[in-house]
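Report on the structure given below.
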Amino acid sequence: MITYSHQNIDQSDIDALTKALKDEILTGGKKVDEFEEALCEYIGVKHACVLNSATSALHLAYTALGIKEKIVLTTPLTFAATANAALIAGAKVEFIDIKNDGNIDEKKLEARLVKNSTDIGAISVVDFGGNSVEMDEISNLAKKYNIPLIDDASHALGSEYKGKKVGSMADLSIFSFHPVKPITTFEGGAVVSNNKELISKIKLLRSHGIVKKRLWDSDMIELGYNYRLSDVACALGINQLKKLDHNLEKREEITSFYDKEFEKNHYFSTIKIKDYKKSSRHLYPILLFPEFYCQKEELFESLLHAGIGVQVHYKPTYEFSFYKKLLGEIRLQNADNFYKAELSIPCHQEMNLKDAKFVKDTLFSILEKVKKGYCG
């Protein structure tokens with residue numbers, strides 16, 4: 001099975017893990033600081049806090065911003081954690097529709113802010129598939145209305161926007177180190193920022209809100225959590241980060257092949273990355289034309305049967321039964337249509353061009369046999 005994404009674990013990772021496992025300290029040690037420093041250097045920020053998941057990172061980012069009982073404006077086209085973490089932090093969530101590239105529509109965001117901005121606690125955007133949002137426009141809106149901006153860059157480590165690394169431009173930015181993401185620490189995440197005060201608050205909450213006066217004496221000054229990432233996981237993260245740019249080049253080779261082969265086909269469109277952006281290529285989404293919406297499940301199953309691991313990114317968050325109970329029925333046209341159209345096909349550094357050609361040939365072969373049928 002050629003999976004839609006895949007971790008890259010080689011002997012250097014195994015060696016790094018083995019060495020870390022032999023250390024006296026397995027958690028709360030020097031490797032945590034080293035990983036945070038490496039992330040800061042790579043992304044181009046001053047401060048970082050690594051945690052046990054991106055969900056934890058989101059939760060503490062929202063909490064540090066003090067968004068309780070306020071509204072978080074976010075995208076529905078994301079993993080549920082983007083909104084869930086805001087609710088856990090005591091906020092309300094409101095979804096803004098997307099554009100045809102899967103990213104939040106900055107014009108619709110502006111229209112919502114013009115309507116009323118006094119109750120907004122944060123704007124939380126997602127760089128879908130590794131393709132940066134229009135950060136200039138969104139950042140300007142956040143500054144104009146004096147609203148904190150969170151960039152959920154879980155897909156986008158290594159991505160760039162106008163020459164700057166994604167993760168260096170918002171008040172707080174989030175990264176994920178789940179195995180399908182650009183680098184992995186098994187599970188893990190991080191918050192990065194140039195705001196020392198916010199990161200200090202997040203680091204305090206990461207470990208129970210406890211500060212140590214002396215080795216044997218501590219004080220709990222906040223109600224915190226156990227969201228720590230182990231030294232063993234950080235050792236893997238440090239080594240993974242060293243390989244990231246090389247792995248992104250390999251992903252780009254696969255996507256360049258797809259872009260060329262899929263141009264002007266009769267079945268689907270692809271997402272074009274603008275010249276002033278660089279994507280991590282976490283995902284390679286294809287967007288079926290409307291006449292194939294009804295056949296998407298058939299296509300999905302046929303591809304799996306052929307050994308091609310596909311996935312759908314994402315069911316809009318407001319479509320989950322929990323959110324229907326919470327918010328009622330919501331219809332956002334672009335997000336609805338994107339969900340009907342989207343399939344993520346294999347694209348990762350473990351593939352070669354032979355694999356990509358197999359995916360392309362199989363995809364077209366199956367689509368040729370699928371009957372068109374408009375289904376709304």
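Using the three backbone atoms N, Cα and C, a Cβ is placed for every residue, glycine included.
Q311 (substrate binding site) has a Cβ environment of 17 other Cβ atoms inside 10 Å. Annotation comment: Swiss-Prot describes Y4, E24, I25, L26, T27, A54, S176, N226, Q311, V312, H313, Y314 as substrate binding site, evidence class similarity to another entry.
Sequence-distant contacts of K181 (N6-(pyridoxal phosphate)lysine), defined as residues of its own chain at least six apart whose C-beta falls under 8 angstroms from its C-beta, comprise S5, S154, H155, L157, F175, H282. The N6-(pyridoxal phosphate)lysine annotation in Swiss-Prot covers K181.
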- Task: Would you count the other CB atoms within 10 A of the CB of S176 (substrate binding site), including those on all shown protein chains?
- Result: 29
- Counting across all protein chains, other CB atoms within 10 angstroms of the CB of Y4 (substrate binding site) number 22
- Message: So if I draw a 10 Å sphere around the Cβ of T27 (substrate binding site), how many other Cβ atoms end up inside it?
- Response: 13
- Message: Please list, in sequence order, the residues in the chain of I25 (substrate binding site) that are at least six apart in sequence and whose C-beta is under 8 Å away from its C-beta.
- Response: D231
- DSSP, reduced to three states, assigns Y4 (substrate binding site) to coil
